[in-house]
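Sequence annotations record features per position, and here TrEMBL assigns transmembrane segment to 6-25, 52-73, 79-98, 105-124, 136-160, 172-193, 213-230, 237-261, 273-290.
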Amino acid sequence: METDNGKGLILAVASSVFIGSSFILKKKGLKRAAANGTRAGYGGYTYLLEPLWWAGMITMIVGEAANFVAYIYAPAVLVTPLGALSIIISAILAHFLLKEKLKKMGVLGCVSCIVGSVVIVIHAPKEQTPNSVQEIWSLATQPAFLVYVAITMSIVLALILHFEPLCGQSNVLVYIGICSLMGALTVMSIKAIGIAIKLTMEGVSQIGYPQTWLFLLVAVTCVVTQLIYLNKALDTFNAAIVSPVYYVMFTTLTIVASAIMFKDWSGQDAASVASELCGFITVLTGTMILHGTREEEQQQASSSGNADLIFGSSESVRWYESRKSPNEEHLISLYSPEY
């Protein structure tokens, strides 16, 4: 494997390990905090005093930093799909540390992600790293990529101005579409910034070029827009639905954008490109399976919790208070197998 691709691969895998672990650390921290105060879901901030939660945040920051550097050395077609490994790490650690059982379909999803990732790594193209930010600017202003950017921004504006007021609260594709389209441009601009930083550290300063600061401005704008609409999506829809849809759309669009701007598949034969596409589809399938099994487990846990709340157990008495209007008296109902 080529040296740069090898570095990018190691950083991408390390990023997935850190990010996947961070979810478990934060969740354990939130559980501890909930035992000592108001839960975060109900507006509590006790978790800010929990060291385990902060350990999870630091781990996530390290993972995101590793992912940022990975884009400097390897093409997006290699780095982006490997993000699915964080889901595997999270699922495995949750099985052992949080007692969230990983079912057979979950194991199949993990295996699919691993197999797809291996196929992508084997057939990943070698990327030609530009020697200056001006070269990156030339790639960003080539007609094919300008057409892609124009189409992307047109769709984003249509989604924000027309479709969001119309069906944003009922169709998950509106918010996720905005996030994914802007996310692909985020990766392209961040990759440009990363290469500029790398060249500057090697002694070839890129700070004086206005293109460097323009890429930074684009990155900040895209990241802010992406975060705003991702938060809207998570607040409106189930996270088990948002996560896989966002991963599929974001990964697909990022690979397309990178292939157009950096010509990732230039010089590869049809067999290698087909193998990468098959590996990519396999990773997406595994991701959907994993999230599908998690969503099912969450629904079962929620149903079980509601049943316990209403009916109680044979050794406990549950009180239920109902009020139809402010003027009616309180009705107290007692549920217990003993009555």
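Here the Cβ of each residue, glycine as well, is placed from N, Cα and C on the backbone.
For the transmembrane segment (213-230), the list of distant contacts is 133, 136, 140, 175, 178-179, 182-183, 185-186, 189-190, 192-193, 196, 242, 246: same-chain residues at least six beyond its ends, Cβ to Cβ under 8 Å. Contact check: the transmembrane segment (105-124) against the transmembrane segment (172-193) gives fewer than three Cβ pairs closer than 8 Å, residues 6 or more apart, which falls short of the contact criterion.
Proximity of the transmembrane segment (79-98) to the transmembrane segment (6-25) is established through 3 or more Cβ-Cβ distances under 8 Å for residue pairs spaced 6 or more apart.
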